[in-house]
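Asks: Pasting a structure here, questions to come.
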Amino acid sequence: MSRYQLIQTPQRLELHDALDPKIGAVYVDFLEGKAQHRRLFGGGKSQDIAKAVGLHKLKNPHVIDATAGLGRESFVLATLGCRVTLLERSPIVHALLDDGLKRAQASDDETVRSIAQRMTLHHIDAHTGLAQCCTHEPADVIYLDPMFPERQKSALVQKEMRFFHEVVGDDHDDDDLLDIACQYAKHRVTVKRPRHAPELANRKPAFVISGKAVRYDVYLGKATSQ
Ligand SMILES: C[S@@+](CC[C@H](N)C(=O)[O-])C[C@H]1O[C@@H](n2cnc3c(N)ncnc32)[C@H](O)[C@@H]1O
């Protein structure tokens with residue numbers, strides 16, 4: 001029996017850790033819990049992520065979240081009016097996100113349903129996905145949040161972080177991804193990093209927005225830097 005198991009419950013698709021059931025299932029829920037709390041009380045366009053993506057200047061931009069994960073930040077951006085294309089290469093993460101997104105898109109809650117309908121998910125590696133998606137519709141902003149090596153002991157790390165480290169592993173090609181994103185983004189490439197982590201590809205951003213635990217490195221796209 002493998003350690004991690006995808007289980008379809010009557011409500012949703014869940015990932016269970018057979019060796020450590022206490023930690024609880026991982027699943028995507030845009031209707032309740034943290035997603036709902038952040039949607040209602042997260043601070044709207046005054047959040048750092050909104051400033052980092054440039055929402056004070058860009059009206060309802062098309063954002064490609066090229067490292068979608070469980071879609072938490074894409075949902076925040078869609079809540080703030082962005083149209084978000086999500087790219088995720090891990091089949092397990094994609095399956096969990098696809099399940100959560102479809103439930104939100106079919107929800108009785110009209111607000112959540114219309115937010116989720118601004119989100120389009122693709123199971124693809126961003127190295128090829130960015131070219132394909134940008135041919136279809138150029139990206140105003142490309143958002144990157146690649147894995148960063150875990151610093152805390154795993155028992156202390158929150159459930160979703162632990163899931164990413166153990167099921168998905170590190171992203172060893174994230175430096176290349178920044179180069180590709182900078183070729184395609186019209187206005188910005190926004191990279192989320194732990195506050196004290198080095199920049200991707202050791203490349204200095206145009207500017208940085210720093211929070212308590214994370215920072216956003218902002219690189220200007222072709223329409224802004226010329
Ligand atoms: C730290 S997680 C992102 C978390 C996400 N921001 C959220 O809000 O849930 C990084 C994710 O990016 C995905 N990823 C990394 N490199 C990728 C690539 N080149 N193409 C597509 N997905 C990628 C990984 O599989 C992983 O699910």
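Note that Cβ sites are derived from N, Cα and C of the backbone, with glycine treated the same way.
Take a look at what TrEMBL says about it:
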type: BINDING; residues: Arg72, Glu73, Glu88, Arg89, Asp145; note: S-adenosyl-L-methionine binding site
Asks: Between the two most separated Cα atoms in Arg72, Glu73, Glu88, Arg89, Asp145, the residues recorded as binding S-adenosyl-L-methionine, what distance in Å do you get?
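Replies: Max span of the S-adenosyl-L-methionine binding residues, Cα based, is 17 Å.
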Asks: Using DSSP and three states only, what is Glu88 (S-adenosyl-L-methionine binding site)?
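Replies: DSSP call for Glu88 (S-adenosyl-L-methionine binding site): strand.
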Asks: Using a 10 Å cut-off on Cβ-Cβ distances across all protein chains shown, tell me which of the binding-site residues (Glu88, Asp145) has the largest neighbour count.
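Replies: Most Cβ neighbours within 10 Å: Glu88.
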Asks: Which residues of the same chain, at least 6 positions away in sequence, have a Cβ lying under 8 Å from the Cβ of Arg72 (S-adenosyl-L-methionine binding site)?
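Replies: Expected: Lys34, Ala35.
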Asks: In terms of DSSP three-state secondary structure, what is the assignment for Asp145 (S-adenosyl-L-methionine binding site)?
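Replies: Note: Asp145 (S-adenosyl-L-methionine binding site) is coil by DSSP, not helix or strand.
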Asks: Can you check which residues sit near Arg89 (S-adenosyl-L-methionine binding site), meaning Cβ under 8 Å from its Cβ, same chain, 6 or more apart in sequence, and list them in order?
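Replies: Set apart from Arg89 (S-adenosyl-L-methionine binding site) by at least 6 residues yet with Cβ under 8 Å, we have His123, Ile124, Asp125, Ala126.
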